[in-house]
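Colleague: Structure in structure tokens, see below.
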Amino acid sequence: MNTQNKLQAYVGWCGICMLLLLFILTPLQNSDALQNGVTVSKTFFFSEGVILLLLIGSVIWLCRDKHIQISLSRIDGIFTLLVLYIALRSGGRITPRLIELIALTGFYLVLRRCKWRHFLFILYAIAVAGIIQSVYGLLQLYNILPAHSQFRLTGTFFNLGAYAAFVALSACVSLVLIFYFKDKRMSMIPQLNIVLAIIILPITQNRAAWIALIVVGVFLYARFMKKYLLYGMLIITGVLVIAGGYYLKKDSADGRVLIWKVTSQIVGAHPLTGIGYDRFAGEYMNYQASYMQAQGSPGEKQLADNVYYAFNDLLQLTAESGVIGAFGILLLILVCFRVKGYDRFRYAGQAIILGYMLIGMFYYPHFILPLKMTGVLGLAMLSRMDIAVTRQLDIVRMPKILVVTITLILSVAGILIAEQLKTGYKQWGKAQVAYQHQRLDESIRYFDQALSYLPQEGELMSAAGKAYFLADSLEKAVQYLTQSKAFLNNTVIETTLGDISVQQHNYVAAERYYQQALHMVPNRFYTEYMLLKLYVASNESEKACTRANLILHKEVKVSSTAVQQIQDSARVYYANNKCH
């Protein structure tokens with residue numbers, strides 16, 4: 001083997017090791033230095049890893065001296081068109097989701113060049129990642145490691161649901177390894193992952209995770225069963241799992257049905273191309289307010305809350321990208337399940353896609369990067385077996401240096417953009433710390449710096465607006481809060497705008513903002529109380545009496561000291577002003 005071939009082999013194995021480490025280490029990323037570090041640190045780590053993989057690929061390309069085969073499958077074509085369409089519907093707004101979409105596209109290109117034995121290594125790496133997360137979760141339950149939200153159990157994810165979804169999908173991969181890749185030397189890895197998942201998942205009480213694991217298990221075992229037995233088992237399993245999942249957490253299930261109803265109205269209003277990629281959080285609450293005002297039932301009003309996800313991937317992507325995007329997704333799924341080829345890897349790829357789909361029916365895996373990485377792996381495996389057009393290119397005649405140069409330029413540009421965004425999230429994190437310690441001037445300075453890097457981040461603009469409000473810079477507060485509503489809207493923003501309007505003695509505007517917040521989430525007592533205070537301040541005694549009466553007769557969703565104090569204040573006003 002000459003020096004060039006040795007270099008090519010060495011670089012190739014470095015790339016495979018890097019690929020395996022990405023699957024294992026990406027879920028573990030969490031930086032306290034970044035705002036929302038438990039999610040965006042994964043985004044930056046993965047994106048930079050993909051850039052490195054593409055550079056390694058370009059070096060291998062440069063070392064080749066004969067020819068290379070390029071194949072384009074149906075899955076390749078549909079996936080590429082879908083990514084391009086979604087990127088166009090983003091409107092040029094750079095968000096973590098868009099960065100992940102671009103990085104995942106590069107990741108897909110890398111995976112498409114992998115050999116079958118490399119795919120097997122990756123499946124074991126995902127099982128290892130599942131084991132690590134399960135052990136991490138158990139240590140959190142025993143208070144040895146900290147969690148990352150109000151839940152005791154989150155692993156290294158932002159909430160319990162995301163954690164359960166990853167554990168379930170890694171367990172689905174382990175089932176593939178147990179059923180179809182019976183390697184005695186490595187059998188302990190998937191078996192241990194399954195055992196740990198069986199321990200962890202009941203604790204999470206996550207229905208989507210259990211449904212995915214059970215259905216994928218039946219799907220994988222199907223080839224060993226007679227058809228009539230399989231169909232009967234699928235029907236019985238489906239009915240029991242869905243019914244049991246519904247009654248396990250009935251209010252949660254009813255809440256998701258409400259979200260789906262409102263989201264369907266967004267789809268109806270923007271059927272063809274949708275509202276734009278990553279615009280759901282900015283639009284949904286306005287539609288929920290209209291729904292509650294026009295047709296919300298008493299039960300639905302009690303279930304309502306601030307919502308940022310549709311809890312159904314296909315429905316949310318349809319709302320954001322229209323029926324064009326939905327058609328592309330459904331076509332991609334259809335082609336995946338019509339692939340014929342080498343059974344073991346076909347079942348592996350289809351099991352991953354099926355598990356991802358089932359989780360996506362009740363949750364939001366497209367906001368969870370490690371799940372998307374696994375989904376892209378499934379696509380890449382199936383694409384290798386799909387009907388493809390293959391062309392052999394003569395590399396000697398191709399400008400190899402030009403290809404490598406373009407890759408290098410794009411990689412450097414990607415790293416520079418990632419570093420700028422990372423700086424923005426660091427400044428945002430500093431601003432939040434200063435804000436929590438009531439150092440408002442320092443907080444505002446950091447917020448302004450963060451906004452120079454993240455000018456279209458709705459959550460950041462909302463936080464900056466609240467800081468300016470507390471610092472009595474009302475015009476700046478209104479500016480940022482109003483701008484934030486294009487990307488993120490909720491009752492907090494509407495209520496804060498109402499508070500600012502009260503300070504400016506613009507009572508008409510204040511009433512409009514408070515009413516909008518109340519329509520968004522009708523079960524909130526605080527908004528009712530702010531309206532009562534507004535009517536008292538504006539000397540509208542009749543409206544104040546009506547509002548006090550509504551507070552006294554309002555159904556309590558969650559009893560608390562604050563609710564009791566609001567009711568006591570309303571009772572005192574009602575009695576003192578002889579509201580009858």
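Every residue, even glycine, has its Cβ placed from backbone N, Cα and C.
All annotation found in TrEMBL is predicted automatically rather than curated by experts.
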Colleague: Write down the single range among 257-277, 509-529 that appears in TrEMBL as transmembrane segment.
Modeller: 257-277
Colleague: May I ask which of the stretches 45-63, 94-111, 118-142, 257-277, 314-335 has the most CB pairs under 8 A with the transmembrane segment (162-181)?
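Modeller: When the Cβ pairs under 8 Å are tallied, 118-142 comes out ahead.
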Colleague: Please indicate, using numbers and ranges, the residues of the same chain that are 6 or more beyond the transmembrane segment (401-418) and have a C-beta under 8 Å from a C-beta there.
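Modeller: For the transmembrane segment (401-418), the list is 44, 47-48, 51, 54-55, 57-59, 61-62, 94, 99.
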Colleague: What counts of helix, strand and coil residues does DSSP assign across the domain 'O-antigen ligase-related' (193-329)?
Modeller: 110 helix, 0 strand, 27 coil
